[in-house]
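Trainee: Right, I'll just put the structure down here and ask away after.
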Amino acid sequence: MDKLLIFGGLPLKGEVTISGAKNAALPIMASTLLAQGVHIFKRIPKLRDVFTMTELIKRMGGIVEFNELCKINTIKINKFEASYDLVKTMRASILVLGPLVARFGRAKVSLPGGCAIGARPVNLHINGLQKMGAKISLQEGYIIAKASRLMGTKIYFDIPTVTGTENLMMAATLAKGTTIIENAAKEPEIVDLANYLILMGAKIEGAGTSIIKVEGVDELKPPQEYEIIPDRIETGTFIAIAGACGGDISLKGCRIDHIDAIILKMKDAGISFKEIENGIRVIGPKRLQAVDIKTMPYPGFPTDMQAQFMAMMTVANGTSVIKETIFENRFMHVAELRRMGADITVEGNTATIRGVKKLKGAPVMATDLRASASLVIAGLIAEEETLIDRIYHLDRGYEELDKKLIQLGARIQRIK
């Protein structure tokens, strides 16, 4: 199992190209099951979760080529199962459920695994598909779904759900009639998925708002080559790295219109930004200022940036308060940051961080994807060596993060 050895305390300077968004790539890859033919993508990141989705599609009969471009051939899809051994490693595997039921009238998908950061129930997906006419049962840990043809309906989410919105939007594209999804999630990744579905011939209005309207069509067809949006969480993570290290980093290929809340809070912490061609330049201060945040659905401050922001705040001037409102059990990185000298207390969904002048390197363990990124940030600003175990979590969501950091001047070694 790989580990990362980080020698902290070095200034980071240079240029980084932001990878394609994992959370856009995964649903768009799942959407290829809706349309027979060859789908061609630019900027799909080479990540553990992407390779899991690739294997899922291959086992169903798809052919996937992964070079500079990603090509997915769905002509010979003849199996409709997502097995436990793959789904347990990635919750986003549930995204094949809607497309399979919509196009083939059946699906067998294992209940999800993936991050250990909360229940993330799939009942919203199941309830929505049932409203569209699917017959669904749970058998031995699998969701078994059948439908002759899904029917358009009105669906209301009690709470906005990103994967639920994506799954039901995909399913609705081939349903008979009109589907309206109310209290839909608004994330940019949902808009990117909708844009790809529209290019395939889907009729979708309102993606990126709380009400999405989908008029079903009889058939979808693969469009020309499509480019995935840049990863806003990777962008935010590198902003946090620049801020924490007092760095000067240019981020190329990012979309600043996707990260308004992140940029506003980073500015409050003392980080400076300059727009450059096709990106932004991020300049960290001599010392960060403490800032409070509350995680919220998009366009609020993203829960996927909470751990990285906390790592910054461990060495900020003053006391900051972080409220986590999206997922329970998402402060698992706190114990590891404390091992490095951070002064953090947690009560319920609220963490209070009293900034210290220095962190000290220590052996620590990654518990989930974004927690692993927070430990990398802590390691970069700490004195002496930090050894991070279980970095397979990091590889699930960041494309060659260690190599990108080395380009900026970090001393990092991957240990097998």
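Glycine too: its Cβ is placed from the backbone N, Cα and C atoms.
The model shown is predicted, which means the values in this text are computed figures rather than measured ones.
For LYS22, ASN23, the entry in Swiss-Prot reads phosphoenolpyruvate binding site, with the evidence type sequence analysis. Positions annotated as UDP-N-acetyl-alpha-D-glucosamine binding site by Swiss-Prot: ARG91, ASP304, ILE326. Look at Swiss-Prot and you will find CYS115 tagged as 2-(S-cysteinyl)pyruvic acid O-phosphothioketal. Per Swiss-Prot, the feature active site, proton donor maps to CYS115.
For each feature listed, report its degree of burial, its nearest neighbours and the pertinent distances within the displayed model.
Mentor: DSSP assigns ASN23 (phosphoenolpyruvate binding site) to a helix.
In this view, ARG91 (UDP-N-acetyl-alpha-D-glucosamine binding site) is surrounded by 19 other Cβ atoms within 10 Å of its Cβ, with every protein chain counted.
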Trainee: In whole Å, how far is LYS22 (phosphoenolpyruvate binding site) from ILE326 (UDP-N-acetyl-alpha-D-glucosamine binding site) when you measure between their Cα atoms?
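Mentor: Per the Cα atoms, ILE326 (UDP-N-acetyl-alpha-D-glucosamine binding site) and LYS22 (phosphoenolpyruvate binding site) stand 19 Å apart.
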Trainee: How many whole Å apart are the CA atoms of ARG91 (UDP-N-acetyl-alpha-D-glucosamine binding site) and LYS22 (phosphoenolpyruvate binding site)?
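Mentor: Cα of ARG91 (UDP-N-acetyl-alpha-D-glucosamine binding site) to Cα of LYS22 (phosphoenolpyruvate binding site) measures 13 Å after rounding.
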Trainee: Show which residues of the chain containing ASP304 (UDP-N-acetyl-alpha-D-glucosamine binding site), separated from it by at least 6 in sequence, have their CB under 8 Å from its CB.
Mentor: ILE233, GLY236, ARG370
Trainee: What is the total of other Cβ atoms whose distance to the Cβ of LYS22 (phosphoenolpyruvate binding site) is within 10 Å?
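Mentor: Here the count is 25.
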Trainee: Of ASN23, ILE326, which of the binding-site residues has the most Cβ neighbours inside 10 Å?
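Mentor: Most Cβ neighbours within 10 Å: ASN23.
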